[in-house]
Amino acid sequence: MRPERPTWLEIDLSAIANNTRRIKELVGPRVQVLASLKADAYGHGALKVARTVLLNGASRLGVATVSEATPLREAGITAPILVFGYVPHWQMREAVRLGLTITLYSSEAAQALSRAAQALQRTVKVHLKVDTGMGRLGIRAEEIEAIVRLAQEITRLPGLELEGIFTHFAMADAQDKSYTRRQLARFQQVLQALEAEGLRPPLAHAANSAATLTVPEAHFDMVRPGIALYGLDPSPEVRLPAGFRPALSFKTQVAQVKLVPEGECIGYGCTYVTTRPTRIAVLPVGYADGFRRAPRTWGSVLIHGREAPIVGRVCMDQCMIDVTDIPGVRVGDEVVLIGRQGEATLTAEQVAERLGTINYEVVSEILARVPRVD
């Protein structure tokens, strides 16, 4: 399939299928898999990823916002979709209409959601969010009486069904699991308190990709893998086991090749000046595509199976590379920004290290104007 423009992402859906099956094999038949599709499936294209994971072991999907769920429903995805994030009162009717599962952590939100459900004569499933030490959304785990009261209120409110309860780990992707086990103990105390009142929901879940791989006692009734589905390491300290495959390649083509004399400026601000006669290849990719400009750049890309350094500042839609030492570069030649070319590989993890960030951000920042092909 020819991409819409000469800069594109190749998404290997067979890799995502493989990775999903491996996660399902790891957790076993009694534990459900909820596939996290936040940020357009971490830049991989949510709709095709949704269809793929649901055919290969995932039974549920997760998104950050109602707007991320809307195109999935409109495309005919009927699997349960949990909205992890904040749903404002004015968006609750739409969430109910779409049949989404909603995260709750306050009485006010529960009452508003109940009113929305009653208005549409529907029942909406909800999951309680418990903050065990992340500091984000959720009732603090030590406020056990408040958690029990909210669970009781939800079970009494018309139109609401308490289906789940969950938390999120702050350091599951670290080799030292002491803080994760502290969070896990707090969550287990909450579950015990709810169990004592006959209020424990059927689905308790806590494990992200890192915890799914390394903390089996955190699997509970369901796991929520994200980054591992896409074949990317949860962190430098928690690597994927053998058998997982990266699904994304980021590519472009050479738009022009020119010889520039010594002492010439390359790019905005003249931050790079040639020190010899230099063959410059211009690429049709820039920071408006998610190809970072500052404070650090990608550093280099692959062409003809070799690394070519980026020179000058990355522009909005273009950048320049030095191909002086790579013979035979021509217009139309393929350039790999993430992926494999010949025997050379440039991974999202390597790019993240160069940029001073994480691989999640690298792939999630690739904008929608870059077509995805599979």
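Using N, Cα and C of the backbone, Cβ positions are placed for all residues, glycine too.
Other Cβ atoms within 10 Å of the Cβ of Lys38 (active site, proton acceptor) number 17 in total over all chains. Secondary structure from DSSP puts Lys38 (active site, proton acceptor) in a helix. TrEMBL lists Lys38 (among others) with the feature active site, proton acceptor.
Taken from TrEMBL, the feature N6-(pyridoxal phosphate)lysine covers Lys38.
Per TrEMBL, the feature substrate binding site maps to Arg136, Met316. In the three-state DSSP classification, Met316 (substrate binding site) falls within coil. Met316 (substrate binding site) has a Cβ environment of 12 other Cβ atoms inside 10 Å.
Helix first, then strand, then coil: DSSP counts for the domain 'Alanine racemase C-terminal' (247-374) stand at 20 helix, 48 strand, 60 coil. Marked as domain 'Alanine racemase C-terminal' by TrEMBL: 247-374.
The active site, proton acceptor feature in TrEMBL is assigned to Tyr268 (among others).
Note on the domain 'Alanine racemase C-terminal' (247-374): its mean pLDDT in the predicted model is 96. Counting in whole angstrom, Tyr268 (active site, proton acceptor) lies 35 from Lys38 (active site, proton acceptor) by their C-alpha atoms.
Separating the Cα atoms of Met316 (substrate binding site) and Lys38 (active site, proton acceptor) is a whole-number distance of 25 Å. Rounded to a whole number, the distance between the Cα atoms of Lys38 (active site, proton acceptor) and Arg136 (substrate binding site) is 17 Å.
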